[in-house]
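The annotation domain 'Malonyl-CoA:ACP transacylase (MAT)' is assigned in TrEMBL to 7-295. Per TrEMBL, active site is recorded for 91, 198.
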């Protein structure tokens, strides 16, 4: 029998009102959300449900908002008897995976990601960086082409065979977009993000998160996580902490992650959380895997 995986979306999937219908109509969801909201120092409930959008778009609100909704939905899914054999998350979604795979409690997973959001915002404000999506060019050719661009610019998110995200210094990213289009990329367009996430410019965030992670113990059980930066299983507390350190300034190997899940025998994937971004990417990576999006239960 085929295995089941839960996957969790990253930044960019948030919207004002996310989770509100669930909160108002499902008593179990309300109880879980309230537990999360009371454990945080920020007024996440109001920003998630009512806005303003500008505040929700801020990394220190976006990240706990997405992870909160993803984990409440996961608990409701588990109550229906649906459990995962493997779990993975895209970028910030990996922190939802820590809760989804029971490496951490829901409250601890959200507390940790709230710290990540705050740290990443603070570090991003110090560096003048940006990101851009490159379509219609092989990842290896992108990496090769970037070598000719002055400054820091790196291929960081390998989302699907024809979509790779680059990040680095603002000027270098702008120059890279021009050079990549000249080299044959269909499109190279800037992303509306507040920093060069997953690039080497974010290493300070990794250092700070390494310290933050020391406050948590990760209990690895039978459900295993496939890591963003390596596309390999995280099987010990120290491996998880190393991933948390590297993840802020390391790559999101999403294509390799989905291929790894398939190799592990996964035939059905539930995308749990706001939007259907990952479902779209997965279908472009492997048409054989069945994908279902869960945003309301």
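From the backbone N, Cα and C atoms, a Cβ is placed for every residue, glycine too.
Neighbour list (residue 91 (active site), Cβ cut-off 8 Å, at least 6 residues apart, same chain): 10, 11, 157, 197, 198, 228, 247, 252. Across the residues of the domain 'Malonyl-CoA:ACP transacylase (MAT)' (7-295), the predicted structure has a mean pLDDT of 96.
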